[in-house]
Amino acid sequence: MLGGIIDTITGSSKQSRLKGTVVLMRKNVLDLNDFGATVIDGLGEFLGKGVTCQLISSTAVDPNNGNRGKVGAEASLEQWLTSSLPSLTTGESRFGVTFDWDVDKLGVPGAIIVKNHHSNEFFLKTITLDDVPGRAGAVVFLANSWVYPADKYRYDRVFFANDAYLPSQMPAALKPYRDDELRNLRGDDQQGPYEEHDRVYRYDVYNDLGSPDSGNPRPILGGSPDTPYPRRGRTGRKPTTTDPDSESRLSLVEQIYVPRDERFGHLKMADFLGYSIKAIAEGIVPAIRTYVDTTPGEFDSFQDILDLYEGGLKLPDVPALEELRKRFPLQLVKDLLPAAGDYILKLPMPQIIKQDKEAWRTDEEFAREVLAGVNPMMITRLTEFPPKSSLDPSKFGDHTSMITAAHIGSNLEGLTVQQALDSNRLYILDHHDRFMPFLIDVNGLEGNFIYATRTLFFLRGDGTLAPLAIELSEPMIQGDVTAAKSTVYTPASTGVEAWVWQLAKAYVAVNDSGWHQLISHWLNTHAVMEPFVIATNRQLSVTHPVHKLLSPHYRDTMTINALARQTLINAGGIFEMTVFPGKYALWMSSMVYKNWNFTEQGLPADLIKRGVAVEDATSPYKVRLLIKDYPYAADGLEIWHAIEQWVGEYLAIYYTDDGVLRGDAELQAWWAEVREVGHGDLKGAAWWPRMDAVSELRDACTTIIWIASALHAAVNFGQYPYAGYLPNRPTVSRRRMPEPGTEAYGELGRDPERAFIRTITSQLQTIIGISLIEVLSKHSSDEVYLGQRDTPAWTSDARALEAFRRFSDRLVEIEGKVVGMNGDAGLKNRNGPAEFPYMLLYPNTSDVTGAAAGITAKGIPNSISI
């Protein structure tokens, strides 16, 4: 058995030796003080006894140690390996390691213990054994984990080979190690507060958004039928003094706890992101406030807004900016915080106005963005006219729409309203019921006047949508009922009425932008995903095939959500400052979550529910679009189908029938915990899959991957390209629609741009808001896109690797299709008047160099990482 590997045996002692390679990254490379540089000095500190490794057998058990796999002798890292090996990513270091390991006695290694005897942590990537008797190919131990000094842990750090095993198939020698590792990650006996090195995944409610001790509380979200919410990761911080149920908050500079391997462990952009958001919150916001206080504080024309991109804004150098320069690594924030002198806030030109500064104002572009904008999942097919409300009549009375056939009849290409309904050509963007219940509270906030809107569209013969009418409704108290006072506006192209119509579209955009940020983006991707991240780490071993399938789609999600709780969605945070629901925003999202349904989050189910597609066995993906040129849906179905095919092929390798799935204890515990704890406020819902069949697991995993990758990409990376020019996507409206005979109406005639701008988002809110979405719309240079993996040896299973290669190839084919459709002049919704091609669901799988960094408005990352 050992004859073929004579070179790994020292002949004299007959003692087998296994040679390995360790790849790690030192902490200070990742500290970014020497940003992007390869740090070679000091590597010697890892040699000698600094880091030790011990192999664990997968085949030979130790009866004196509970029949666990036998543990070999400690081995230390050896010489630093340089140029003879394939090139390394910046900052990676390779070391040799030699193990005394007699395969005849100890069998085949299946796991490894790594101990760090330094004072600093390091990031361990992989340990590879090249020639192991009895094993075809290399043994790769996957880590991708921070290893802290050994005295920080109550247990040994154990890493497993990259083999995939269902619990029932795990080698008996390794089963206790597998169970121990899950117990350590659950940390159910550790209350916290957790420290930086901890690896505990536990749940908590959203009780850390407010600051009760400083008189700024917020409702606790989650744990109550009145305010249900997905769970977040627990930090274990102390409660506030005023409210024992609320968790105390940290200052912005402190790191909020997330399990250590969830924190941005890779290079480049990720830490920059954290610093950028904090720089905006702590430095740029005060500077902008000072600027606005010392100038007229308003834009007067569209050119004033364009100057933000063409010239920049000179901000005063407030003390907070100086402080940040001292505290943050300069390389990271040199763009945001220039070293000295004048602070010029200069923003890149958003794509929506790059080719044509006026196109955003057209009805064609307004309608196109409903199908190919940043929130393209709201439009529904109209099935009755006039549109009805589903609000409770005992509380709201009759909220049936006031839009009549007379408003729209002349723009239906010769059809009657009934004929247009019957031929699937009437559609609605209906924000009326979504916002009406909250408007009395929301309009009580300073600087707000928001309408609840309904917008009707007609599907024209050329495949584009035309807006027919906009209904603006405000709440009106009549006795015990909140009735609606509604006005209907129709398209106009000349005089004051053209500007009235332009304002009507702006009020619609305010609704749509608030829903987009709060629901389509925050709730339906970021918040609902976190329970899946936590449950997967608590209940599925890293060796479980489903853990290997899903874990790339969780990268950085807990970290970005923690950062959001710290600076964006907290009381007084940037979100409350810039989006109209203000302090009611997160509470509103809790009301919406009451009706969240996991099985409706997949794309085909969503399209069918909205009536924009029908089931059709003859169509390629069993779904036929009623709006054929619907870029989000057309590209999305391609992506959905590719994910579904990949997931199905992968699961079939491990689950040969439904019985295997039902007998998988880890998987059943995972699904039960998602349902009963992570999304526990909805645990009684009848729609939850029972997880009795492989088809249910396929659908669930496809949906999880879809939400984390394509759905998030569709709502995130278009933020700055579409909404970076605020007149196109205002986030607030400040006053009511001008009525004939009023001073406001006169102003609209005299100085329409000024009147329009004074109605929408203020200057302060605009500058803060677009500074933020500029950061949030960027791809990092180390982005891992759908169809890519950050570790090529993520599994040893050749069947899984081959299925994944087919998935990647399919995605590259889809890239070609997207480009082809964007070049098809017959598909008018692909580019629109702004000449801005729809690329948000272009996978970018083919980009393996990180070339597409920054604001590209294309590419589907694996995970919600920004």
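Each residue, glycine too, has its Cβ placed from N, Cα and C.
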Fe cation site partner of His521, His526, His712, Asn716 according to Swiss-Prot, chosen from Ile352, Ile353, Ile866, is Ile866
So if I draw a 10 Å sphere around the Cβ of His712 (Fe cation binding site), how many other Cβ atoms end up inside it? 26
Per-state residue totals over the region 'Disordered' (206-250) - DSSP helix, strand, coil: 3 helix, 8 strand, 34 coil
Which residues does His526 (Fe cation binding site) neighbour through Cβ under 8 Å, counting only same-chain ones at least six apart? Thr557, Ile560, Asn561, Ala564, His712, Ile864
Same chain only, sequence gap of 6 or more: which residues have a CB within under 8 Å of the CB of Asn716 (Fe cation binding site)? His521, Thr525, Leu776, Ser777, Ile864, Ile866
DSSP output for Ile866 (Fe cation binding site) maps to coil
